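A single structure is presented below for examination.
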Amino acid sequence: MSKEFLEAEMKLFMEQCKEVDIVITTALIPGKPAPKLIKKEMVAAMKPGSVIVDLAAEAGGNCELTIPGQLTVENGVTVIGYTDLPSRLPTQSSTLYSNNITKFLLSMAPEEKKFGVDPTDEVVRGSIVTENGEVLPPAPRPAPPPAPAPKTADLSKESATLALTPFQKISREVATVAGGMGLAVTLGKFTGPLFMSNVFTAGLASLIGYRVVWGVVPALHSPLMSVTNAISGMVGVGGLFVMGGGFVPETIPQALGALSVLLAFVNVSGGFVITKRMLDMFRRPTDPPEYPWLYAIPGLLFGGGFIAAASTGMAGLVQAGYLVSSILCISSLSGLASQATARRGNMLGILGVLSGMLASLAAVGFSPEVLAQFVGVAGFGSILGALIGRRITPTGLPQTVAALHSVVGLAAVLTSIGSVLLDLGHISTLHLVTAYLGVVIGGVTFTGSIVAFLKLAGRISSRPTILPGRHVINTSLLGGNAALMGAFVTMAPGAPMTAALCLGASTILSFLKGYTTTAAIGGADMPVVITVLNAYSGFALVAEGFMLDNPLLTTVGSLIGVSGSILSYIMCVAMNRSLTNVLFGGISSPTASDHKIEGQITKTSIDETVDSLANAESVIIVVGYGMAVAKAQYAISEITRMLRAKGVKVRFAIHPVAGRMPGQCNVLLAEASVPYDIVLEMDEINDDFDDTDVTLVIGANDTVNPIALEPGSPIAGMPVLNVWKSKEVIVMKRGMASGYADVPNPMFYMPKTRMLFGDAKTSCDAIQRGLEARK
């Protein structure tokens, strides 16, 4: 209950205590001490001679002055705390008990006021355990009436209205092609060859990334985000071009470069370790060996050959290294297209990053002292990242990914500032503009990722923090960034100190913007936020690539930016929300009438659930974030194993937005050794619910809500799992609270739906014990 409700309740009790002579309390909570409702000050306000009868004394009492088992007098008020009142008042107790029993027995009689048993009455038959000295079998469960069909007629009309003609489709496609070609001509006219060369690289890399990322199976979206996180550690390449001095940095820009490299290697090492751990969870005992150590051979051959060739002259070696690194990073993402090649993809990603770093070291040409400095900071960062990667659990994966995004953002800020400070008065306009954009994008990524981490980790409230006039604030911050950019580019040649101050002020504004935009987003929308931040980190690398005229950074950044953008799009479609709605708005109010739920919920028990599962021929288990919170995946895995051993066909249905990041539920199930070939995506299994005996819903709400099929509802059009079409649905929930959309779910009230209340892990453990007892 809310704080305001409790305060009003206490105020009412105080007023009543001043007026009444007798107070009788009965409030109890099963398994917990009795709530304290009558405070000391309330007793003090009562008239002398008043009496408090505390019937909850055995559980500690509802009055703060109650002493269980005793009668006390405080300020002339008698407080009765006896715990044996029924035996002290045997006549009244017996009368009350017999009255209840008599009414119960008479309610079973076929004729009024005559004792008898009517076995044809469903309630009576369900209450009888024995008759005439014989144990009766459990009463058969009555067949539920058919569930009302969801309203879909209006949807078909609406979709027919919105359907495009072939001419309209071709016209839109032609307009897009013409616009793209016109944009290329415009850029070529008003920019230079250097800029267009980078645009050429970014365009081709984005197109390749688009094709590759769409080929990644949804079950591997979490490893995809993790491996792109690791590859985004290439931001350290920019730091290499800023490092200098000797064994330690000697100037502020050099120190910023060294710190950027350190942070980058935290990301590289941690990202690849986390990816490997996740992919190993998907590995089955029957899978063939993969010999990952063999990938060290091409790495050693390339490294040795590169160094040997460089000793006699660089020629085109750096560009060759960039080419190899880019192809390997693309192949890494492509490897995640299937479970069979995913682990190879991770190894190719490691080779890609290492070959890119080697080529970049050759391009920089460090002295032995600076090279030792690089080895020191890179080694320390790698060790720190590996420790983080080994300690993280799949449940904590979303917040860890968010934290690593912040590392990339900060590294991009440091690299961009350091590169500008190296020679602020003699830098090209393109360098100034892209460095400024790197600071802005990196700054937003840094603080936005920190807020996302704190919300996902439960360090701060997951509720949206809505600032007064937040849209005005965000617009003002963006306007400030734009104004400072103009001043920065204008002042840099003639007044470098003023330009540096403008860059510093813009960094602060970017940090603030990252906070204000992310804090205003609720915890339920964090999956989209994580993917957007993933895209931001890629775009920060693209800005670095333009800044340093580095095709490797441009290529890798484009891959990561496209990957994050596609995942954001997939998540938004799965929630029937636009990206702008998630980032800058909330769920809209219903455009039609309010939804009124009719009917009553039907509760079930552990024993009934065990009966249903054991007697079923086919079972589908739908999991959501509730499974992750309760850490119920191991018990669910054991339930699955036992049911399959009995010959029951068991499969899992995963909604695209299940969990707190794409693919998290797949990873959790893989961690618990659930075979990935029985874990299916929504599109693969949605048509199978009609032929399913029992669907077990664990920790899911909006993703199984039939209101999504009704026009005008807040989640209208959102793809949902059609679990209500099963012969029986069992829903595990702590209570009747709505999901993140705050929309009631009529499926809970359907006749063939059973509600099993309680903690998901506790319930699953009990179901597991029940199935074991039936062996």
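Glycine is treated like the rest: Cβ placed from N, Cα and C.
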I'm validating the feature mapping. Which of 87-109, 133-155, 455-477 is tagged region 'Disordered' in TrEMBL?
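Of the candidate stretches, TrEMBL labels 133-155 as region 'Disordered'.
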If you look at how TrEMBL annotates this chain, which of 320-338, 662-680 comes out as transmembrane segment?
320-338
Please tell me whether the transmembrane segment (254-274) and the transmembrane segment (370-389) touch - that is, whether there are at least 3 C-beta pairs under 8 Å between them, with each pair 6 or more apart in sequence.
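Answer yes, regions in contact.
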With contact taken as 3 or more Cβ pairs under 8 angstroms (pairs 6 or more apart in sequence), are the transmembrane segment (227-248) and the transmembrane segment (345-364) in contact?
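Yes, the stretches contact each other.
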Looking only at residues six or more beyond either end of the transmembrane segment (552-574), which have a C-beta under 8 A from one in the stretch?
198, 201-202, 205-206, 208-210, 212-214, 218, 221, 224-225, 228, 231-232, 234-235, 237-238, 322, 325-326, 329-330, 333, 356, 359-360, 527-528, 531-546, 582, 655-657, 662, 718-719
Considering only Cβ pairs within less than 8 angstroms, which of the stretches 199-220, 370-389, 498-516 has the most against the transmembrane segment (401-422)?
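Per the Cβ count, the answer is 498-516.
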Would the transmembrane segment (320-338) count as touching the transmembrane segment (199-220), if touching means at least three Cβ pairs under 8 Å and pairs must be 6 or more apart in sequence?
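Touching, yes - the transmembrane segment (320-338) and the transmembrane segment (199-220) meet the threshold of 3 or more Cβ pairs under 8 Å.
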Give residue numbers and ranges for long-range contacts of the transmembrane segment (345-364): same chain, 6 or more residues beyond its ends, CB-CB under 8 A.
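Same-chain contacts beyond the flanks: 223, 227, 230-231, 233-234, 236-237, 240-241, 243, 268, 272, 275-276, 279, 292, 295, 298-299, 302-303, 306, 310, 314, 317-318, 320-322, 324-329, 331-336, 371, 374, 550, 552, 556.
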